[in-house]
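Structure record follows, encoded as structure tokens.
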Amino acid sequence: MEPAMEPETLEARINRATNPLNKELNWASINSFCEQLNEDFEGPPLATRLLAHKIQSPQEWEAIQALTVLETCMKSCGKRFHDEVGKFRFLNELIKVVSPKYLGSRTSEKVKSKILELLYSWTVCLPEEVKIAEAYQMLKKQGIVKSDPKLPEDAIFPLPPPRPKNVIFEDEEKSKMLARLLKSSHPEDLRAANKLIKEMVQEDQKRMEKISKRVNAIEEVNNNVKLLTEMVMSHSQGAASSSSEDLMKELYQRCERMRPTLFRLASDTEDNDEALAEILQANDNLTQVINLYKQLVRGEEVNGDATASSIPGSTSALLDLSGLDLPPPGTTQPATPTRPGNQSSPEQLSASVSLLDDELMSLGLSDPTPPSGTSSDSVGWDNFQSSDGTESSVPPPAQAPSMDCRPPAQAPPPTSSGLDDLDLLGKTLMQQALPPEAQQVRWEKQQPAPRLTLRDLQSKSSSPSPGAASLLHTTSPEPPGPPPQATPTEFSLTSITVPLESIKPSSILPVTVYDQHGFRVLFHFARDPLPGRSDVLVVVVSMLSTAPQPIRNIVFQSAVPKVMKVRLQPPSGTELPAFNPIVHPSAITQVLLLANPQKEKVRLRYKLIFTMGDQTYNEMGDVDQFPPPETWGSL
């Protein structure tokens with residue numbers, strides 16, 4: 001019985017590729033040598049030793065073939081091989097062939113010219129391999145290189161795209177251990193190496209299964225979303241039959257079942273921002289079509305919004321005031337979380353829902369926001385600003401109006417109507433719209449201004465109303481002039497509150513701020529700026545836990561340089577339960593407002609405090625991965 005054939009070695013392939021009996025270049029053998037070099041873990045160092053021996057052959061044809069193999073490998077084998085060629089150990093073997101002190105007197109001019117041509121082409125194409133350039137310059141100084149050779153067109157090769165990493169060997173520690181075990185001659189080490197290889201292969205198989213599962217799930221979501229959207233739009237035009245309604249209902253139920261699947265996929269997607277962005281987009285589409293079905297087919301309200309109320313002009317509070325010119329406010333007041341009144345469309349609703357967290361699932365959109373205390377801006381690196389208004393010992397600079405400029409706005413009780421909340425917000429924003437001269441007057445000495453509702457503001461946003469003009473006249477001793485240039489005291493954020501539901505996500509990928517101990521904090525950037533405040537960036541801070549223990553007493557604080565201002569609105573909670581992949585997990589979201597009127601490069605310092613088990617963590621760090629300030633108005 002014939003013994004089983006062993007796989008061909010690199011040495012056998014190089015012998016066949018450089019055989020002196022070859023009538024012409026054996027490109028099949030050359031390419032197979034390059035392919036195996038890429039596949040073998042120890043391929044590059046072994047290949048350079050074999051090539052050095054062949055290049056020093058006294059037979060010119062064998063040496064020329066070896067140099068052709070070397071040139072081909074440099075063009076197709078990537079950085080690992082470049083690093084081996086760029087070592088003095090291999091370069092010295094080439095220098096021996098061209099130097100008269102060694103083999104130069106016995107080497108043909110054709111071989112020496114080819115070596116010098118290769119060295120020069122590598123200095124041009126691989127400037128990062130400095131040792132190659134040093135070797136070539138040394139040959140110049142010794143007079144071996146009289147002038148730079150003229151390179152043929154195919155000598156200056158474009159660098160190949162980076163080869164995809166073999167994930168099995170990405171773990172540096174395991175790779176080093178495996179290399180050490182394979183070099184050992186002890187049977188125990190070889191058995192350990194075999195076991196380690198099996199473990200690494202199994203890990204890679206699990207990773208590939210996760211990727212396949214994610215791709216299939218996203219594809220299924222996109223197909224269901226597309227079909228359900230078409231059927232819902234057809235239903236809204238009155239062209240749907242009873243059978244199509246049953247199909248719509250089935251598609252809707254299928255979309256609902258895909259929500260926890262997307263969340264689990266996001267939980268398994270650890271640090272792959274590109275894959276996470278695909279999941280975000282799929283969930284955004286899923287949420288949009290679910291809300292569209294509820295509104296147009298069932299006629300249900302979605303987060304206080306019904307199709308019947310989605311009429312022109314019935315937009316959210318901030319959009320109602322988009323026509324007003326809001327100069328930087330100079331007053332302070334307690335931050336009051338407001339609830340959205342009406343949404344303009346299902347697209348706005350779904351976009352805001354999709355921004356709430358990294359995983360975008362089960363984030364408690366209907367949970368009541370805890371009442372906030374007085375917020376204060378961060379005045380520098382020494383002051384961390386948090387949602388409860390507490391800071392370090394350095395007090396913030398005094399604002400021009402005192403705190404008693406108007407009655408503090410109380411958090412609306414659960415039974416209050418949405419219009420009352422919007423009217424209160426309308427009054428607040430109207431006072432912000434006053435010029436700085438009018439805000440310098442102490443309000444307690446004036447007669448209270450008539451309370452304008454949000455609808456009044458909407459109808460009069462294009463031109464100042466007589467009431468507003470009289471208000472300016474009675475409160476300002478001088479006629480208002482052009483608004484002055486913004487100063488550090490005029491871009492306060494304390495009177496601005498952005499409802500989470502009104503935020504739309506941008507196309508920028510989220511930034512991971514903190515990811516340790518199973519606790520993850522991310523920054524999501526809003527697409528639209530605040531009306532009249534293009535210097536303000538709206539960020540949603542998302543906190544999610546995959547830890548096996550509950551996380552309590554979570555506090556996120558932030559600070560920026562003194563030329564900027566930062567404010568954190570109250571978080572949606574301070575505790576996260578232990579992670580359970582079966583049930584929908586909780587998450588914490590918090591709106592961060594960042595004012596940067598001078599458009600400086602942003603560097604934010606954060607402090608994160610939380611308790612996990614019996615241990616309290618106090619983490620600090622910096623974040624500078626913000627969009628360029630000049631693009632804040634159109635992310």
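Placed from the backbone N, Cα and C atoms, the Cβ positions cover glycine too.
In Swiss-Prot, the annotation motif 'Autoinhibitory' applies to 357-361, one of the ranges 72-76, 357-361, 397-401, 492-496. Using DSSP to sort the residues of the domain 'GAT' (171-298) gives these counts of helix, strand and coil: 113 helix, 0 strand, 15 coil. When DSSP labels each residue, the domain 'VHS' (17-147) comes out as 95 helix, 0 strand, 36 coil, counted as helix, strand and coil in that order.
Averaged over the domain 'GAT' (171-298), the predicted model has a pLDDT of 82.
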